[in-house]
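Annotation comment: TrEMBL describes B:K11, B:G12, B:G13, B:V14, B:G15, B:K16, B:T17, B:T18 as ATP binding site. Residues or ranges marked as domain 'AAA' by TrEMBL: B:3-151.
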Amino acid sequence: MGLLDYFATTRPPQKVGNASIAKERLQILVARDRIARDKPSYLPQLEQEILAVIRKYVEVDMNTVSVKYELAESHEVLELNIILPDSAGPP
Amino acid sequence: MARIIVITSGKGGVGKTTTAAALSMGLAQRGKRTVVIDFDVGLRNLDLIMGCERRVVYDFINVINNESTLNQALIRDKRCDSLYILPASQTRDKDALHKDGVERVLTELADNYDFIVCDSPAGIEHGAYMAMYFADDAIVVTNPEVSSVRDSDRMLGILSSRSKRAETGQEPVREYLLLTRYDPLRVANGAMLSVDDVQDILSLRLLGVIPESKAVLSASNAGIPVILDRESDAGQAYGDMVARYLGDDVPHRFLHPEKKGLFSRIFKG
Ligand SMILES: Nc1ncnc2c1ncn2[C@@H]1O[C@H](COP(=O)(O)OP(=O)(O)O)[C@@H](O)[C@H]1O
Ligand SMILES: [Mg+2]
């Protein structure tokens, strides 16, 4: 290795690797894992039963219902979002 | 009353057993009465890493099943008086490990030791659950790699919801990160997740960073915990880890590639 090569190799190291991709993928994976982990196990059942009750009164499409669960510092939030059809009435 | 430390990870092959051997030897060398238990039923690796495989007569499962006493099964380390090893069984199936039995053995040990180090098997199933259940402290061994970091995060979830401390509403298990097989050169090149990258995700107390090192294989070949190889980078990094665990404020080493001088560059190149 000659002197010129020495100066060539003391330039700031070039980021050649793809660790940043690994980090991005991890952040997404872990965020998803954590959401799934923190949900109470009764949630799917609760969701089904609430829907059954609502369907007694109005015809709702499953796709117009969204259920969100969030764990905050001191409390839990269960958010149920239902879009009622225009002509809501008994089925 | 002993403090119970679990060495855990989720993913296999990340360096748990290497760490359990190093930590228990390091604690014992500092005069702490220490026992290290192999929870990896069916595989039984710890006695090989400790170099005491030919002295195994009875094992952890024998004690649980009352086929031997604890004293008959415990192996005293030849290099250090205050260190004992409780080996795993090679033959039994994993269900032989059950909560009541494990609790009875840990309770019996707790009176006579300062530290009980539990070497967990891989996975997040029965064996790993048994190893972490009674823990006071958890050392989460992680490699700078996607699947290992993810599994560590899952294990953290289990520790915070299913450990005895969580179930009984006690102070939570104290969780530490130990990053192992770290290659500073690849990190500098952006080819490997850095300590900071991993901490951005896990944010734990950083107990240490153990470099990828040839000394680890050579120590395992010889049945000598790598912490006893004081010349080696990994041995020194494990020594620092033990000091930090016991409360010393030791700066982290081996995080950056060794700087080569001008001459070594010109003449070695
Ligand atoms: N810092 C390290 N440098 C190089 N090799 C390592 C290092 N730590 C562990 N290893 C190697 O990785 C393999 C798995 O280690 P081990 O401690 O048995 O992991 P685990 O108990 O998590 O399965 C072994 O071959 C070991 O020699
Ligand atoms: Mg192991």
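Please read every residue number as a count from 1 along the shown chain.
Cβ coordinates come from backbone N, Cα and C, glycine included.
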Residues among the binding-site residues B:K11, B:G12, B:G13, B:V14, B:K16 that border ligand 1 - Cβ under 6 angstroms, in sequence order:
B:G12, B:G13, B:V14, B:K16
Identify, in sequence order, the residues in the chain of B:T17 (ATP binding site) that are 6 or more apart from it along the sequence and have a CB within less than 8 Å of its CB; answer 'none' if there are none.
B:I7, B:D38, B:D40, B:N45, B:L46, B:I49, B:D119
Which site among B:G12, B:G13, B:G15 has the most other CB atoms no more than 10 Å from its CB, taking these as binding-site residues?
B:G15
In the domain 'AAA' (B:3-151), how many residues does DSSP put in helix, strand and coil?
60 helix, 28 strand, 61 coil
I'd like to know which of the binding-site residues listed (B:K11, B:G12, B:G13, B:G15, B:T18) lie near ligand 2, counting only a CB under 6 Å away.
none
Across all protein chains in the structure, which of the binding-site residues B:V14, B:K16, B:T18 has the highest Cβ count within 10 Å?
B:K16
Neighbourhood of the ATP site (B:K11, B:G12, B:G13, B:V14, B:G15, B:K16, B:T17, B:T18): other residues with Cβ within 8 Å of the Cβ centroid, in order?
B:S9, B:T19, B:A122, B:V141, B:T180
So if I draw a 10 Å sphere around the Cβ of B:K11 (ATP binding site), how many other Cβ atoms end up inside it?
21
